[in-house]
C-alpha cells in the first residue's frame, strides 16, 4: 500500500491515521454483547476494519503522491536572484562583445571553485561534441550537454590542481628552510650558553633565545615553540632565584676600621679618665684627700 515514492513523514502519517481509524471502528462495532455472535462478530469486525484502513491508506497515498508531483513555485527571492544573475550575464556578454568590436583582448575569467561546482553552460561548450540535430531527443541532448559540462569542469579542475600542487610544494620547501634556519639559531644559542663565563653574558643569551622563540611561536603558533619558550623562562627564573639565594646565604665581609679625623670620636684612655676625675673634684674634698699623704 505504501510504496517507495513517499517520504518518511508521509508514511508515518498514514500509519497513525490507519491505526486510530482501526481502533475507532473496533470500538464502534463491538457493541453487541451476545455470546452466540462472538466469532461472527470478530470476523466481521476484522474484515471491515482491514478493508476500511486499506482504502484510507490508498487515498492518503494518492494525495501525497499528487502533492509530490506538483512542482514548488519559485519564491520572490529565487526570482530576484535569477533576475540579477541574468542581468550580470547580459552585462558581461555586452562587455565582451564591445571589446571584440574594438579589437581589445579580453583577459580570461579567473577559475574558482564555485564556477566549477555550478557547471553552467559556457562558451567553451561550443567546441564540445554536442549534437544539434533535430532528430536527437531532448533527453539525449541533455545528457550530451551534461557530459560537456563535466569535461569542461574537469579541464579547469586540472589547471587549478596543478597550480595548487605547485604552490603547496613551494610553501612546504619554504617552511622546511625556515625550520632549518630556526634550528640552527637555537643550536648557536645553546653553544653560546655553554661557552658563557659570566652570569650577565648568560642572561643576555637567554634573553636573545627567548626573543627568537617568541618570534617562532608567533610565526608557527605550534606547541613545541610554546613549550620551549616556557622552558627558557623557567630556566631564567631558576637562575635569578639561585643568584638571590647565594646573595642571602654568603657571609657578609667585616666592616672596615674608621679613619682618624673623619668625624669619629676617639675612645677614651685611662689618663683621660684620671684627668677627668681630678677636674671634677671639689675644693672641700681636696684637703681630705691630701691629709693622709702629709701624715
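In case you wondered, yes, glycine gets a Cβ from its N, Cα and C as well.
Quantities reported herein were computed from a predicted structural model and do not represent experimental measurements.
Looking at 12-30, 69-87, the stretch flagged in TrEMBL as transmembrane segment turns out to be 12-30. Residues 42-60 are the range that TrEMBL records as transmembrane segment, among 42-60, 99-117.
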